[in-house]
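Peer 1: Just lifted these from TrEMBL, have a look:
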- 7-122: domain 'Tetrahydrofolate dehydrogenase/cyclohydrolase catalytic' (DOMAIN)
- 141-289: domain 'Tetrahydrofolate dehydrogenase/cyclohydrolase NAD(P)-binding' (DOMAIN)
- 167, 168, 169, 233: NADP(+) binding site (BINDING)
Ligand SMILES: Nc1nc2c(c(=O)[nH]1)N[C@@H](CN(C=O)c1ccc(C(=O)N[C@@H](CCC(=O)O)C(=O)O)cc1)CN2
């Protein structure tokens, strides 16, 4: 078999961000202001702080307005929900994102549920989830949306293809399965209790691994010629004092690569698409809130 294509999510995301930035001035001319994205971080998880910082920088680089809110790790549920309601009412804010995970004493679903669905650029409110399940146009979670874009770029029409999604999280697995179903794939949603997982994965033309276990999916689980989207971001324990922990996905890249038609690397695959799709959703939300047609090409 010929060498697998390495799907360059970083370059794809950069091109998408450029198209978004190019569309912002038209919105600004029509409304008199730039689209605004508010990101809320509760607590001091270092990885979350990095992601929130990257989102703020990317928002500004796209010509949008960035609003960042930080609440302490011991914030009460009422404090989080009060802030989200305040942002719902803020006319300058088109998109609201509550960075996850929240500290464990907080109820994530209840907090997310207070976000105005028209500003739900993470696509996680019950209304957004329902719209996706019903096939009604709405705002779709960023990582699955970015994964779908990469798949369609590789494969074109996905109709009739067998897709296996491993992992049933609200953030990735479930919406990914819905998106693939919407693209007319035959979808299996596998998870930690699935029996004979390697055999199920072996059927798939498309594999999306979002299980959160380092290098779990092995090369001999994959159908020759499959396209693999690796959503996992796992930092391996440092091998020595001076060695930084290596970042790996949920797929054992070394054993998978010789079997497949195309695969996303980690880092540089799906990860960068998450933030690019957040900007895309913010631009779309801003247009819809202003009663403008959806922006083209994003
Ligand atoms: N409310 C949300 N919370 C979280 C989401 C989300 O979509 N909405 N996703 C993740 C974290 N995340 C964004 O929030 C995110 C993860 C990874 C990347 C990324 O670009 N990763 C790089 C590698 C980065 C590194 O070196 O650590 C890559 O894969 O190339 C961007 C955003 C959980 N929380």
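Here, residue 1 is simply the first one shown, and the rest follow in order.
For all residues, glycine too, the Cβ spot is worked out from N, Cα and C.
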Peer 1: By the count of other Cβ atoms within 10 Å, pick out the sparsest of the binding-site residues 167, 233.
Peer 2: 233
Peer 1: With an 8 Å cut-off on Cβ-Cβ distance and a minimum sequence separation of at least 6, pull the same-chain contacts of residue 168 (NADP(+) binding site), or say none.
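Peer 2: Set apart from residue 168 (NADP(+) binding site) by at least 6 residues yet with Cβ under 8 Å, we have 174, 189, 191.
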Peer 1: Around residue 169 (NADP(+) binding site), how many other CB atoms lie within 10 A of its CB?
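Peer 2: Taking all protein chains shown, residue 169 (NADP(+) binding site) has 17 Cβ neighbours within 10 Å.
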Peer 1: If you measure every Cα to Cα pair among 167, 168, 169, 233, the residues listed for NADP(+), what is the largest value in Å?
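Peer 2: Binding-site diameter by Cα atoms for NADP(+): 16 Å.
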